[in-house]
């Protein structure tokens, strides 16, 4: 049947309606309707140590009940990146029909398989199932230790699971698993011999009607607490940080403008002569007007930092806006991972444009090399870190190790989208770049820089410029770490947007203040100093990550530690590039303003 314009036949209308339903289901979590007795597919996903969120393995790596042929569910890119490996299970769950102690399978475990189960239970392995996009968590087994002399140590396996499912109409609202009033099967411990073991796995299903609609079922999942709840809104801490930041910004702005007003009044007493004829016997920032716009060394690297920093600034803003629009529902596994990959590839044009445009303005000649450096400034450390982390995951058999098809997909996204957009952005930026627009001419011979006191050295400025922005986000940073390196669902996106705006504002103001103090000492080397001063916030964030690992988490082991510290280094690099770019542009705008404000006839 041909579907054209105008009056559509009934078949075409149904086809278009079906397409609309599919699109809406992708973007709004459209309810899946079931009829009485329909099988609700339960997928087994992964297992892993309770305290190591990123160390996960396929559920069927354990000696458990499994079908003769394992059928895996087709997953999205975000789900694969999140370590999901869903496969169909042997559980038969009819919609709105209770099941009482139905046999799942009989297993005869060898001595080696019993040891595998015992080791998993002793390491507090939990499992994750997925029912209608709802995660279901439970522990593989049970450990009981008591007494000192004699000491008893018992390891037992849960062989019966009670599934409690809530429904509303023809849709599933919530599901969990319980082992209440169930006796575990002892598989090892003090006084228990080794050898083979025969177990029978059973399950029960109970349905409960819920008043919660499908559109609000995410609220039910957020209230569930299999994992420890640590994300509470500490309003007092947030308001305290906000007040401190406002006072800091007000102090910097008022003091700086008052000092500048006095400087302008003193420097503009004589209105005769041009910029090059100003009183050379004076001191302060005015005396270096012929050197302050002298282009810095390592131009290409500086422009690459500015370009990639602008890209991540755009990327972070886009992610927060998408989150505020409700695009990252708790039932959409890996949605934020997919969004980050797509946005990173699409915003590559921003890095190419900003980098090559400014590189051309400051008389850079090797623009091809500048584009290559810009495209690899972050992607090269990312690939190196990922290679090490992924190799360790692959060696340990973790589901966090990406399959070859996903690796090729990500590589293709960078080769076919990311890098070409960087080149296109660079070419456009080079062709549209204007003049640098310096208010004062730069002399050929550089002025000698006087000796500087200790408090104006680079390390001191980096300590000040890095600590103050870090203090502005320290409260919210814990929430972010608990989300990324834990199992929390972050929902405070409005507060996150405010904190992000405060972070950028503090970084810009502190950079302007430190730049003024630097120029007041007749030191014109502000280009790289402005990037490093606030960019050092990344160092503080990495130090905080070490503190979080040791004192705020229970993570351990080679697999978890490698991933944590590897990606924490990348996170610190992202913050350094982003804040370094913001502070540089703020310092450049400030310097242009003060030298343009001098009266020059």
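Think of each number as a place in line: the chain as shown, counted from 1.
Cβ coordinates are placed from backbone N, Cα and C, and glycine is handled just like the others.
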Write down the single range among 367-389, 436-458 that appears in TrEMBL as transmembrane segment.
367-389
For the transmembrane segment (367-389), could you work out the same-chain residues 6 or more beyond its ends whose Cβ comes under 8 Å from its Cβ atoms?
300-301, 303-305, 307-308, 312, 348, 351-352, 355-356, 359-360, 414, 418-419, 422-423, 426, 430, 562-563, 566-567, 569-570, 573-574, 577
Looking only at the recorded stretches 301-328, 401-428, 459-481, 569-595, which one has the largest tally of CB-CB distances under 8 Å to the transmembrane segment (526-549)?
569-595
Non-local residues, at least 6 beyond the ends, that sit with Cβ under 8 Å of the transmembrane segment (493-519):
233, 238, 241-242, 245, 248-249, 252-253, 256, 259-260, 284-285, 288, 292, 313, 316-317, 320, 323-324, 456, 461, 464-465, 468-469, 472-473, 476, 480, 525-526, 529-530, 533-534, 537, 579, 582-584, 586-587, 590-591
